[in-house]
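Notes to accompany the following structure.
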């Protein structure tokens, strides 16, 4: 089955479907005959029951005295004899004799004893009717009986029902061959339709197979060309059916393959160019990276020397700070001494002023003494010889007073000069004290500045040490980057070779000029 062509498979499928239809029609025909017989028998049962109701209505009238029993029976038989259904079907009446009470088709049987009446197979059919009614009250009986207007018996199935008040058997039947004929006629008609449909289906399959062969052949040729690397072919998808959709998808696949191949060609060209540029750039970057690594090593060495210099500067700043502290202490001592000298000079100046005041008093005393001596000399002159000795004394006293006054002036002059000198010295000492204070403040500021310089130098030393470590790390990373750059250059060269290989692989494909 796997080696059969698609057209053969389709033909076999149609034949199998036709065979299945024939089989189904056969099964359905049998079931349809049974179903049709069942429907007809249902109708027959309903008609017999209707006849039984007619007989019962007349029996009720006879029992009520409205009609005599014989009259009621005759009327009931006459009315039942008029019943027709399903064409020529009828209802007969016989009694339990069995004797025919009423037969609408063969009235010559009325009143006859039918106990010995047999069908061609020897069945005492009326005796069977009576047995069925006596045994079950109602039931079905199969037998042979001629159709109306015919003499040959045909298979018939009848339904009989007893009417006990009058001892009647009401019956009606269906000819089985009528049901079979209808079933055969329907089966033949259906089979004819199936045959016509089968022939039409085979013709349709042939038309479809031809169209399918043509379209599948075009698709096969296209796929064969694509498999051979030729992407320039084209086919018409045709109708928008499943095959057309498949052809459309094949064309879409061809277009996508064409675009893919063209894209791969362009990409491989770009990759080749880019990989060459990357290789050159990587080589140049490797050279610059190695140079940067060498520069970083030199920088690291210079940073190490700078760390040592900063440490030396820090130590010198610490020593300078110690010397500044000593100078500040000495300046504080000098300021204290100058303060004491100023205090001493102030005391000398104060004592000199007191001496000057005393000299002024002495000068005043000498001036008064001189006046007194002059007065004494005048008085001595007035006294004459008696006052001559007193005049000499007064003259001496005056002379002493004058010398005392002269000495006092000289002492005062000396004292004033000393006071001036002391004041000048005091001012100079004060200025010296102020200078010592300024020196002390300057030394303190220098000490603070030197201390800050020392701390800053320590911080700089730590920072430079960290920078030195960072430079060392950067040097390591730069060397690693140099190795990675070399690997990148090697990878770029490998990529260039792979791009060339890919270009060679896709060069076997032939694409349409629109994509070239």
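In case you wondered, yes, glycine gets a Cβ from its N, Cα and C as well.
Quick caveat, the model's predicted, so the values are computed rather than measured.
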Coiled coil per TrEMBL - which of 428-466, 467-505: 467-505
Model confidence over the coiled coil (467-505), averaged pLDDT: 79
Residues of the domain 'HAMP' (210-262) by DSSP state, where helix covers H, G and I: 39 helix, 1 strand, 13 coil
